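Notes follow the structure.
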2 protein chains.
Amino acid sequence: MSTRLSSPQDYAGLLDKYDTWMFDCDGVLWHGDRIIDGVVEVLEMLRSYNKKVIFVTNNATKSRKSYKGKFDHLGVQAHVSHRPKDEIYGSAYAAAVYLSSVIKLPKGKKVYVIGMSGLEEELHEEGIAHIGGSDPTDCTLAPFSLAGFILDPDVAAVVCGLDTQLNYTKYSKAFQYLTRNPDCLFIATNEDSTYPSADGLLPGAGSVSAPLRFALGKDPICTGKPSSTMLDCIKAKIDYDPERTIMVGDRLNTDILFGKNGGLATLLVLTGITAESDITGSNSSPIIPDFVTNSLGDLRTIRKSEK
Amino acid sequence: MSTRLSSPQDYAGLLDKYDTWMFDCDGVLWHGDRIIDGVVEVLEMLRSYNKKVIFVTNNATKSRKSYKGKFDHLGVQAHVSHRPKDEIYGSAYAAAVYLSSVIKLPKGKKVYVIGMSGLEEELHEEGIAHIGGSDPTDCTLAPFSLAGFILDPDVAAVVCGLDTQLNYTKYSKAFQYLTRNPDCLFIATNEDSTYPSADGLLPGAGSVSAPLRFALGKDPICTGKPSSTMLDCIKAKIDYDPERTIMVGDRLNTDILFGKNGGLATLLVLTGITAESDITGSNSSPIIPDFVTNSLGDLRTIRKSEK
């Protein structure tokens, strides 16, 4: 049973319990291009209490640097690329950190990319050599023939994210790397079946990796929410105590499950995909957040009452 | 327990029992470009006994007309496009027949194609209007935006086969048709995870439909083996008595399962993917053919002994 928060005392109680606050972005901080009321003040309030603030997104098309542009545009403070102050963790960054810092890919090894420049940028920043991706040689609809294909013996992983330039050549090459070398890792940035574009839903990163999943008959290692591999990647970069960490999100099957998989407390906000009716009544989800509040903006009442 | 055939009497017994003989092609009639020893004689012998001969293939990139070129090249007699004498049934043709003759798509309706010219040719021959596929507008790696997309209200089905020009635009459009119109049918020519190219395995038609399967969270209607929809399509075109029909194939999970799903007798040949050890011993498959013989060519002994 979730605890429903509403009074200034309820919110102040959270502040006492949790030092690290992790946030999903879309549906929690903003809707598309519109900031949610009170969010900027709440984040400032958390910082004023010396809380650690982390943004966790499955968006794998943008690097953190380019994703930060959205924060700046909407007036939300966020630090990136000033280690150890990195505050934005995307699933593309998590894939790069997984390779550099979790499994520690040996020098000289590289990855074959199905994905976009944001993913390549993160790999580059983590010192991971890569081929494929946005390389014009592989961004083609020309027929692919195995006869002319030379396997790069240094490829030790295939990393697959959302790629709007996906094609049969990329899938065929990735399939060769994954089948001819049984040790080659199969990594997906995230398993989201759809991607919320400005004008509606389109196939997401999980759909982009689906042909390889089907051809291989196996699932990838996933570095996005709800996989706890994402937390392993955050852990590789910053210090936090899971027992004093709370994950705030709007989706039960990604954000809240992610928190639960990682042993974090969870706070569901109702400003996004999940409605009140999804968590009450007989058909409610088996994924139960610890806390529920209408909006992240509700936490403003702490400031008002405390100051 | 399968019956192992070896004597001329064994083979003559089959001839008494079955009037319609259905054959898989690769691994049964030929290996790539090499005909299997004795096959031409056996097919001629079956015809001389007035047996109905049907070739059933999951290849969805070629129309029957272009697939017949392979039969001609290897000296195997096969009739196409002289109804009711059609003898080659491909999964692309089955998809077209499913639309024209099984569900009887109303005039004025059309299908959105992810697939190649062979599939389009079969749709055209069955009088099914289609868009997408090899249309240069949809064979592009240019960014796709929903803002500029106009849904064709006459699209009543998405048909997906092997398509080496697959791309994000095709998947995005197909996804719109399938989600914005809940009655839109989702059809896949076949579910083969891989495709045996001349130089090795590449992702197959099942892998090409996988992104839609993942994005929609549902499986397509499949018109290829082992689905009995393929048999419904053959039934729509020719007369045969399932009790006097035998399916000959080299794959347990496509050919033999297809025969079993359709209530046909099944004969496994060991000239293709299945080895003796796959059907004997403790790890053998749960799919058990009625009869097993080394090669289709073995049936030549009937001719020798009878004449």
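Here the Cβ of each residue, glycine as well, is placed from N, Cα and C on the backbone.
Note that the structure is predicted; figures quoted are calculated from it, not measured.
According to TrEMBL, B:D24, B:D26 bind Mg(2+); the candidate from B:D250, B:D278, B:D290 that the record adds to this site is B:D250. The closest partner of B:K225 (substrate binding site) among the recorded positions, by CA position, is B:D24; the full candidate set was B:D24, B:D26, B:D250.
Ranked by Cβ neighbours within 10 A across all protein chains shown, the recorded positions B:D24, B:D26, B:D250 are led by B:D24. Of all the Cβ atoms in the protein chains shown, 32 others lie within 10 Å of the Cβ of B:K225 (substrate binding site).
The Mg(2+) site is defined by B:D24, B:D26, B:D250, and by the 8 Å test on Cβ atoms against their centroid, the other residues of the chain that qualify are B:C25, B:G27, B:V28, B:L29, B:G249, B:R251, B:D255, B:V269, B:G272, B:I273.
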